[in-house]
Amino acid sequence: MRGLRSLLMLAALAPLAGGCALTADRDEAAACASAAAGLAAPVRLRVGHATPLPADAQGRAGLRVDLAPEDPDVGLPWLDCRFARTGRTPEIVALARPSGPVDDTHLFFLKRFWLGSEAAAEAAAPDDEAPLPDLPFGLAYALQQALDALPDAAVYGLLAAAYSLVYGLSGRINLAFGEIAALGGIAAVTGAVAMRDAAPGPLLGLALGLGVWTAMLHGGAVEATALWRLRRAPGQQALVATLGVALVLREYARLATGAQPRWVAPVLAEPVRLARAGAFVVTVTPMALLLAAGAAATSAGLLLLFRLTRFGRDWRATADDPLAAALMGIDPRRLSLQTALLAAAVVGAAGAGVTLHYGGIGFDYTTGLGLKALIAAIVGGIGSVPGAFLGGVGIAAFEALWSSALPVGDRDLALDVLLVAVLTLRPGGLFGAREPLPRRMP
């Protein structure tokens, strides 16, 4: 038995330990291209392929960017860039061209007066290959805000649906879902790093699979060892227990992966230009669209699961009348574990998705996401899976609308006011029952 427990612990830690690896991303390639444009100025150049470089004597990894200056006499066919990887924004610490390294003085003035400027961004940006439709500025701005809200809507919706899955069956709220999502995201980093040279399809598949598997492993362990034992305890005790579990999982993730966030190259992150209003260009990344489509498909799959499978019938029967369901032969412990595993899988998918979209994850990154998703579930109707999912979409839309017109610093306060208003006027949520009847599955 001890050997089996050791194997399970190693299996749980394996994907987390892999989160320590790092890889170059498109932001580093863009920074290197901007530096090359500054060295070649005023001659324009075309930026080609970016190739990762092995670490140098100081242990600094980097990139080589292939270049094609419009004037061949410039003599800059490539540029090597070395980076300090201490944060999300890449910092160039060394440059080398065919004629030799760029001296520190030249690098200082390049970083001080060129990198980060509008001219540098314009010089490194690709030329438009096709004309874009012109829109009024107000419409283009609104479209951009809606597209920017897609990833948050997907993540909030999935996490809110997971809260509803557990609450609808047991009347309990699991406050550890944010930390379980972080574990899934850290595991997804492992898959993305291991498959960094693969095509996006296999990379996404492995990263998502690792994220879901890790979340299910930890979610199932929490259910079997802690929450099931408190099934008959008052709601306050179970709520405090899940808060304790959340703190334990946060510290566990910190010890396993370190306190620093882990970064990975965002997947399918090249912006696609859709429209423009003068100099303002509306863009969206393929990963944002994929994340939104995946969340919608997951929500639809949950509805079909509840309506067409034995698990769904057992869940609805137990949610309506636990005693009668048990008398009819439904095993409550098995059903509770299945529900916990399903909810953890949804949470793990959300954590993996948000990590692959933004390119970073830390042991405490998703705590705020989990709490906002809980607000979304309550606003939408925590006893209803589709209502909770729509609540997540609504909260993301509310945040995007507020951020576009009002101070961002007041956004969370406004969200709390919205929660109080919903609890006062419609305790069952906007899309749930008028009265707080959590154990109902539409």
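The first residue you see is number 1, and the count goes up from there.
A Cβ is built for glycine as well, from the same backbone N, Cα and C atoms used for every other residue.
Unlike curated entries, TrEMBL annotations are predicted automatically.
Of the given residue ranges 228-256, 373-401, TrEMBL assigns the label transmembrane segment to 373-401.
Feature annotation (TrEMBL): of 19-44, 201-226, 409-434, the stretch labelled transmembrane segment is 201-226. For the transmembrane segment (176-195), the residues of the chain that approach it from at least six positions outside its boundaries are 14-19, 21-23, 159, 162-163, 202-203, 206-215, 218-219, 222, 242-243, 245-246, 249-250, 253, 257, 262, 264-265, 267, 343-344, 347-352, 354-356, 361-371, 373-374, judged by C-beta separation under 8 angstroms.
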